Amino acid sequence: MQSIPIKNVGTNRLVDTFQREYYYLRLSVTDVCNFKCTYCLPSGYQPPVQKESFLSLDEIRRIVGAFAAMGTEKVRLTGGEPTLRKDFLAIVETISALEGIKKVALTTNGYRMEKDVERWKKAGVSSINVSVDSLDPRQFYSITGENKFHQVMKGIERAFEIGYEKIKVNSVLMKNLNDQEFDRFKNWVKDKPIQMRFIELMQTGEMDQFFNRYHLSGQILAEKLLKEGWILRQKDRTDGPAKVFSHPDYLGEIGLIMPYEKNFCASCNRLRVSAKGKLHLCLFGEEGVDLRDLLVSDEQQVILQSRLYAALQGKREHHLLAQGNSGIRTNLASIGG
């Protein structure tokens, strides 16, 4: 495990050595997921032999409080499937009440949306990303291992009914599986305020063969969009890495997340904390910096902030995916993608 010294670093902002400032925290609250997606957990969630508890509500409050004190404005709750936690609403309420936090976002597989999305909104979830890898129910089942396509679609409609003005939908782009649905997805968002985001398949330790078989560059879609009159939109400082395209004839938008693109890391603005309390500087990076020993008491906040800053000074300028190095990540379920 990486050892980070505790010292008075003389700063209260999350700024790395390349002058990138980190406004955005992706916080995994569980590794557990009830879907069996082919590109992530094809055999379903397998509990580790040495069971370690996920972050408690108090630990979550302390870690997000430290990030907020150092300039973080947006927190995204990920997993696993974050809504599987029994205290999910309490987590949202706690984070949204912290000083400095302006947005609490959620990434979900959507299986509970129809029933629970109104409660999520009241608790403080300001935006939702839903994973939908196919608009064909049979293909959806083939990719996710769950026959819940119609349930997820109803959940998205319910979110609009109760007041969400925009929903983001994530689809992992896979050659010969769902890339042929691009026009179908595009037509789906023509009259709906949906930002349809296509994410390039990413290489991880357990999925090398899958990656080699199904990876498709998002640049192909970017060129297609530009030819059809779509316009690249400017980013806000808390936005994620997606390149977002809009079109005057479409209510919805198209986003492309292309981690293999040159300069992908230049505008990095997010850090990640795993469900077991490790800080990860990069999705494709190191083993992680353990924070849990500094989440025991509220009196540890200053030391916790010092460790966060010290760790951040070791963040690389960019990942090494182009060299075939995806770090130690065996899959994306434990860190929320």
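Using the three backbone atoms N, Cα and C, a Cβ is placed for every residue, glycine included.
As recorded in Swiss-Prot, the features of this protein are as follows:
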- Arg26, Arg76, Thr107, Lys168, Arg270, Leu271, Arg272: GTP binding site (BINDING)
- Cys33, Cys37, Cys40: [4Fe-4S] cluster 1 binding site (BINDING)
- Tyr39, Gly80, Ser131, Met202: S-adenosyl-L-methionine binding site (BINDING)
- Cys265, Cys268, Cys282: [4Fe-4S] cluster 2 binding site (BINDING)
- 17-242: domain 'Radical SAM core' (DOMAIN)
### Message
What does the structure give for the C-alpha distance between Cys37 ([4Fe-4S] cluster 1 binding site) and Thr107 (GTP binding site)? Integer Å is fine.
### Response
15
### Task
Determine, using Cα-Cα distances only, which of these binding-site residues is closest to Leu271 (GTP binding site): Cys33, Tyr39, Gly80, Cys265, Cys282.
Cys282
### Task
Whole-number Å only: compute the distance from the Cα of Arg270 (GTP binding site) to the Cα of Ser131 (S-adenosyl-L-methionine binding site).
20
### Summary
Neighbour count check, CB within 10 A, over binding-site residues Cys37, Leu271; minimum at Cys37
### Summary
Cα-Cα, Cys33 ([4Fe-4S] cluster 1 binding site) versus Arg26 (GTP binding site), nearest Å, comes out at 17
#### Entry: Three-class DSSP secondary structure - Arg76 (GTP binding site)
strand
#### Entry: In sequence order, the binding-site residues (Tyr39, Ser131, Met202, Cys265) whose C-alpha falls within 10 A of Thr107 (GTP binding site)
Ser131
#### Entry: Tertiary neighbours of Ser131 (S-adenosyl-L-methionine binding site) (same chain, Cβ under 8 Å, six or more apart)
Cys37, Thr107, Thr108, Asn109, Gly110, Val169, Asn170, Ser171, Val172
### Message
Is it possible to get the count of other C-beta atoms within 10 angstroms of the C-beta of Cys265 ([4Fe-4S] cluster 2 binding site)?
### Response
19
### Task
Sort the binding-site residues Cys40, Arg76, Gly80, Lys168 by C-alpha distance from Cys265 ([4Fe-4S] cluster 2 binding site) and give me just the closest.
Arg76
### Task
Report, as a single number, how many Cβ atoms besides its own are within 10 Å of the Cβ of Tyr39 (S-adenosyl-L-methionine binding site).
21
### Task
Please state whether DSSP places Tyr39 (S-adenosyl-L-methionine binding site) in a helix, a strand or coil.
coil
### Where Met202 (S-adenosyl-L-methionine binding site) sits in the secondary structure, as DSSP reduces it to three classes
coil
